[in-house]
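Structure first, commentary second.
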Amino acid sequence: MSRSFALTLSRRLVLAGSLAGSFVGAGCAAARAPASAARVIRHDPALDRLIAPDARLETLASGFTWSEGPVWIADGGYLLFSDVPENRIHRWSERDGVSVFMEPSGYDGADASVFREPGSNGLIAGPRGSILMADHGARAIARVDLATRAKTLLATRYGDARFSSPNDLVQASNGAIFFTDPPYGLKDMDRSPLKETAYNGVYRLDPDGVVTLLDDSLSFPNGIGLSPDQRTLYVAVSDPERPLLLAYDLSRTGQAMKPRVLMDFSDQVGPSNPGLPDGMAVDRAGHLFATGPGGVHVLTPEGRILGRIDTGGAAANCTFGEDGRSLFITAGDRLLRLRTLTLG
């Protein structure tokens, strides 16, 4: 979700806690804080098979404005993540700590005043030696070479209309990229004169470059994920009036069927549970680790709620990395890590 979305939608999102981290400086990250016992709210004993009762939540780095889009780079043994308002991608490793990996990560022009958030957002592993990104500033889905930082735009429009500010993405095994395109990156969002669509879409980008619109009915589509069998597409809707996690059955050709509500967060939004539905990770067994009010919610593929990782502030996204049992969480001004029993 966009930090500036909170600034624009005023009191409703302030109550949802989306201003967490908004006023934290984006300079050098602070040193790692000592690990603390994770406050895991357990609704189902099955959660004990995924997260140990004595699991520790670590703050690996802090001092960001709105951290997002974590991706583990297995070949190099490091994590990359976006700071969207600051137009940066940061790098973290156990050995080296945190540093700036790419700046600017999104918009590279002379006048960024038309953007609320000009940087990259969601990041995923791409073809060997690259990452794929949802690029607010370029208003595109892009590929970045990890060695040279050279960026290639893969898609910038649907039909004659430019995307607004692609937010998050996931790739299927056949190379198709599913992504969301809400208006969070644009100044004034839906009211921006740069916005060329009358809707906020969920799309599929095929390897041949063809873009297909899958859903134009969602108010604020945001985080996106795929089940391990790639038959179900998950989309988070970060609308404080109707905060949802949706599941779409996918046909063999990648067409999305009418969605079903996997989880409705309406009764959880409030000052005691900062955040809204946003990015997610799916483990190898199909469990969802979905950010939302109060942290990261853990669900079965059928939507049964197992529990919640309380991150002590709004969480934007998460991913598995290292040996597959480290859950990295971007949470406002912080980067967190929680060791799990499940493999991601």
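Even glycines carry a Cβ here, placed using N, Cα and C.
Keep in mind that TrEMBL annotations are predicted by a computer and have not been checked by a curator.
Note that the coordinates shown come from a computational prediction; the quantities given were computed from them, not determined experimentally.
What TrEMBL says about this one:
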- ASP278: active site, proton donor/acceptor (ACT_SITE)
- GLU68, ASN222, ASP278: divalent metal cation binding site (BINDING)
- ASN167, ASP190: substrate binding site (BINDING)
- 66-331: domain 'SMP-30/Gluconolactonase/LRE-like region' (DOMAIN)
- 1-26: signal peptide (SIGNAL)
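Following the DSSP three-state reduction, the secondary structure of ASP190 (substrate binding site) is helix. Between the listed recorded positions, namely ASP190, ASP278, the fewest other CB atoms within 10 angstroms of a CB are found at ASP190.
Of all the binding-site residues listed (ASN167, ASN222), ASN222 has the fewest other CB atoms within 10 A of its CB. In sequence order, PHE81, SER82, ASP83, VAL84, ASN121, GLY122, GLY279, ALA316, ASN317, THR330 make up the list of same-chain residues 6 or more apart from GLU68 (divalent metal cation binding site) whose Cβ falls under 8 Å from its Cβ. When the alpha carbons of ASN167 (substrate binding site) and the residue listed as 'active site, proton donor/acceptor' are compared, the span between them is 10 angstrom. Classification of ASN167 (substrate binding site) by DSSP places it in coil, neither helical nor stranded. Classification of ASN222 (divalent metal cation binding site) by DSSP places it within a strand. Annotation note: the residue listed as 'active site, proton donor/acceptor' sits in a coil segment as assigned by DSSP.
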